[in-house]
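Annotated in TrEMBL:
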type: ACT_SITE; residues: 35; note: active site, proton donor
type: BINDING; residues: 28-35, 146-149, 175, 183-186; note: ATP binding site
type: BINDING; residues: 59, 152; note: (R)-pantoate binding site
type: BINDING; residues: 59; note: beta-alanine binding site
Ligand SMILES: Nc1ncnc2c1ncn2[C@@H]1O[C@H](COP(=O)(O)OP(=O)(O)OP(=O)(O)O)[C@@H](O)[C@H]1O
Ligand SMILES: CC(C)(CO)[C@@H](O)C(=O)[O-]
Ligand code: BAL
């Protein structure tokens, strides 16, 4: 049975009776197959699954899509039930932020200021603040985050290490549509034409991943991205897996963000640089 908790008191009441390993999957709702994959991974590794659904105002900047962000609680609950969640925590804003936005926040530091953070100032401090609240509220032992939001995953791992938060953070590979588009709640903003144009993101990454040095990977990706009508690239970068400078050899990551119409999309892919040993 899936219990719905709309308040912290109800969450605590349901959570208090549990034994065994508890996994948390944190979401903003509008659930899709990417979220389902996180729930399946969580179910496979824990005795209990709690899913949180909260569109966190603290991580949206002025002019971003906070008001417009899809809110589909009934459909989301059906997904959580189908995936065997024990508990869904879907608080109202006032339950999470009773005193207005919090005065004390978790500072994301320098890694929060590059890539997504450069385009969305304050975003990761908003993310890490709500993520730490949700970790404390759910008292989960494990948590599953998507690689689709690669920088977010890296920052959550870093926060857990830096602040000694007792939770095991696991990454789950990006779930894609059959044509390669990374699943995202924001895909529903795209018209058919924009969706077709957005395919250059995954195609650029896929072609870049066949290259063995950073410059060729970037040049290949740039060429494919340039073929997308109405696709405005925000950044395209190669980093090491922890988002440091690109290595000459070994595992790396290519990250891309672009605006398609009014919609900002992100994607990334692992790269293997250097000679094959
Ligand atoms: N395609 C995907 N594959 C794997 N995980 C995903 C995918 N999309 C989202 N997730 C993960 O689901 C969790 C909740 O993300 P969120 O609710 O913001 O969904 P989203 O689709 O990323 O939404 P948005 O369009 O707002 O970025 C995050 O850990 C995120 O990385
Ligand atoms: C982790 C998260 C639920 C925090 O609001 C959000 O950033 C998301 O959905 O990826
Ligand atoms: N999916 C990450 C949350 C955000 O874009 O605000």
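Any Cβ shown, glycine's included, is placed from N, Cα and C.
Note that TrEMBL annotation is computational and uncurated.
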Distance from residue 152 ((R)-pantoate binding site) back to residue 185 (ATP binding site), taken between C-alpha atoms, in Å: 16
Distant-in-sequence Cβ neighbours of residue 31 (ATP binding site), under 8 Å, six or more positions away: 53, 72, 75, 76, 79, 80, 185
Which same-chain residues, if any, lie at least 6 apart from residue 152 ((R)-pantoate binding site) yet have Cβ under 8 Å of it: 116, 124, 127, 145
DSSP three-state assignment for residue 152 ((R)-pantoate binding site): helix
Contacting recorded positions for ligand 3, chosen from 35, 59, 185 when the Cβ sits under 6 angstroms of any of its atoms: 59
Entries of 31, 59, 175 (binding-site residues) sitting next to ligand 1, with Cβ under 6 Å as the cut-off: 175
Cβ-Cβ distance under 8 Å to residue 147 (ATP binding site), same chain, at least six residues away: 153, 171, 172, 173, 174, 268
Of 28, 35, 175, recorded positions neighbouring ligand 2, Cβ under 6 A: 28
Sparsest-packed of the listed binding-site residues (59, 185) - C-beta count within 10 angstroms: 185
